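Undergrad: Pulled from TrEMBL, these are the listed features:
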- 8-33: domain '2-thiouridine synthetase TtuA-like N-terminal LIM' (DOMAIN)
- C9, C12, C28, H31: Zn(2+) 1 binding site (BINDING)
- 55-229: domain 'tRNA(Ile)-lysidine/2-thiocytidine synthase N-terminal' (DOMAIN)
- C283, C286, C295, C298: Zn(2+) 2 binding site (BINDING)
Amino acid sequence: MVNKVKVRCRYCEKDAVVRIPYAKLNLCSDHFNEFIVSKVRRSIERYKMINPKDKVLLAVSGGKDSITLTHIMYKILRELDFKLIVLHIDLGIGEYSKKSREIVENLCKSLSIDYIVFDLKNDLSLTLPEFIQKLKTRRICSLCGIIKRYIMNAVALELNVDSVATAHHADDVLTYIIKDFILQDYEAMRKLVPISIGVPGIVAKKIKPMYEVYEYEAAMYVVRNKLEFIDIECPFKKVKSLEDSVRKFIEDLEKRSPGIKISFLRKFAKMYIGREVEGFRKCRVCGLASSGDICSFCRLTEKSFGKPLGSKVREVIREKIGKAVV
């Protein structure tokens with residue numbers, strides 16, 4: 001019989017529950033929490049994401065990553081002196097969307113965080129599945145991304161927030177960088193920085209506070225803090241996508257060279273911050289950001305429903321903001 005040797009936390013006498021290879025740290029649950037919160041705070045400071053008195057719009061889906069970031073942002077908002085508003089987009093994907101919305105609303109209420117819900121069905125009389133049916137497309141993730149990014153940007157501009165925060169972590173960002181490089185989509189690749197400056201009145205400043213947080217760290221944080229999150233995958237998620245292969249490649253690299261993810265992302269940020277908004281102009285229909293004459297959302301909705309819906313989205317958002325206290 002082999003007796004297991006317990007490993008102590010680096011900072012106290014408690015048993016360690018996790019090892020962070022790149023930092024060479026064994027941590028107990030409490031010090032792990034401190035480590036992750038501190039890591040997010042340092043990223044915000046390193047990349048100058050948030051200034052005192054800023055108003056930050058945080059996009060929260062209900063998944064483990066966005067729930068983790070909501071909890072951490074709540075913990076540091078007084079210290080960094082900013083206001084937090086949560087945005088949840090209900091895509092109308094049956095029970096999946098219903099459960100996600102419930103989780104987000106419950107968390108916001110428990111933490112007394114102001115929040116806004118944009119409901120595709122109630123606010124635009126359509127759902128993501130209806131979009132898919134109309135377009136008969138297999139590029140569902142791309143379609144969903146266009147819809148969510150447009151709504152996030154529109155809400156941010158109408159609320160006049162200083163930045164929009166998303167819960168993309170190191171594994172997400174690095175996967176997208178490599179995928180975009182392989183597909184030679186360099187325009188998309190250069191947008192994967194921790195902070196994008198934005199253009200007043202056209203596109204909001206975007207920040208990624210979990211830019212240097214690993215996926216397993218976010219997963220452990222949400223479990224260790226007993227936070228509820230949507231633990232079922234989106235029914236439209238691709239199986240065995242290019243992204244999955246890239247993620248495996250990245251994980252193999254990290255095992256051989258702990259810390260290589262963070263090292264790469266810092267160099268990437270240094271190279272591309274400030275270059276991500278080149279070429280933006282106003283959509284002639286809705287007035288928001290576009291790389292051409294008409295933005296992707298207005299072009300998409302015109303193709304699907306016979307008319308662009310960008311202006312309608314902005315009207316709905318104005319009405320919501322008028323009724324909400326934010």
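Using N, Cα and C of the backbone, Cβ positions are placed for all residues, glycine too.
What TrEMBL says about a protein is an automatic prediction, not a curated fact.
What you are looking at is a predicted structure, and each value in this text was computed from that prediction instead of being measured.
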Undergrad: Please report the distance from the Cα of H31 (Zn(2+) 1 binding site) to the Cα of C298 (Zn(2+) 2 binding site), rounded to the nearest angstrom.
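TA: If we compare the Cα positions of H31 (Zn(2+) 1 binding site) and C298 (Zn(2+) 2 binding site), the gap is 47 Å.
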Undergrad: Determine, from DSSP, whether C298 (Zn(2+) 2 binding site) sits in helix, strand or coil.
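TA: Reduced to three states, the DSSP call for C298 (Zn(2+) 2 binding site) is helix.
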Undergrad: In the domain '2-thiouridine synthetase TtuA-like N-terminal LIM' (8-33), how many residues does DSSP call helix, how many strand, and how many coil?
TA: 8 helix, 8 strand, 10 coil
Undergrad: List, in sequence order, the same-chain residues at least six positions removed whose CB sits under 8 Å from that of C283 (Zn(2+) 2 binding site)?
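TA: When sequence neighbours closer than 6 are ignored, C283 (Zn(2+) 2 binding site) has A289, S290, D293, I294, C295, C298, G310 within Cβ distance under 8 Å.
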Undergrad: From the centroid of the CB atoms of C9, C12, C28, H31, the recorded Zn(2+) 1 site, which same-chain residues not already listed sit within 8 A by their CB, in sequence order?
TA: R8, R10, Y11, E13, K14, A16, L27, S29, D30, F32
Undergrad: Given a Cβ distance threshold of under 8 angstroms, which distant residues of the chain, six or more beyond its ends, lie next to the domain '2-thiouridine synthetase TtuA-like N-terminal LIM' (8-33)?
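TA: Apart from its flanks, the domain '2-thiouridine synthetase TtuA-like N-terminal LIM' (8-33) reaches 217, 220-221, 224-225, 254, 258-259, 261-262.
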Undergrad: Identify all same-chain residues not among C283, C286, C295, C298 whose C-beta atom falls within 8 angstroms of the centroid of the Zn(2+) 2 site's C-beta atoms; report them in sequence order.
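TA: Apart from C283, C286, C295, C298, the close residues are Y150, R284, V285, G287, L288, S290, I294, S296, F297, R299, P308, G310.
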Undergrad: Across the domain 'tRNA(Ile)-lysidine/2-thiocytidine synthase N-terminal' (55-229), what does the mean pLDDT come to, as a whole number?
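TA: Summarising the domain 'tRNA(Ile)-lysidine/2-thiocytidine synthase N-terminal' (55-229) by its mean pLDDT gives 95.
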Undergrad: Provide, as an integer number of angstrom, the distance between the C-alpha atoms of C9 (Zn(2+) 1 binding site) and C286 (Zn(2+) 2 binding site).
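TA: Distance between the two Cα atoms comes out at 55 Å.
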Undergrad: Take the C-alpha atoms of C28 (Zn(2+) 1 binding site) and C286 (Zn(2+) 2 binding site) and report the distance between them in angstrom, rounded.
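TA: With the alpha carbons as reference points, the distance is 51 Å.
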Undergrad: Judged by the number of other CB atoms within 10 angstroms, which among C12, C28, C295, C298 is the least packed of the binding-site residues?
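TA: Each of the binding-site residues C12, C28, C295, C298 was scored; lowest Cβ tally within 10 Å is C12.
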Undergrad: Ranked by the number of other Cβ atoms within 10 Å of their own Cβ, which of the binding-site residues C9, C286 ranks first?
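TA: The largest 10 Å Cβ neighbour count belongs to C286.
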Undergrad: If I take the alpha carbons of C286 (Zn(2+) 2 binding site) and C12 (Zn(2+) 1 binding site), what is the distance between them in whole Å?
TA: 56
Undergrad: According to DSSP, folded down to helix, strand and coil, what is C286 (Zn(2+) 2 binding site)?
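TA: Assignment for C286 (Zn(2+) 2 binding site) reads coil.
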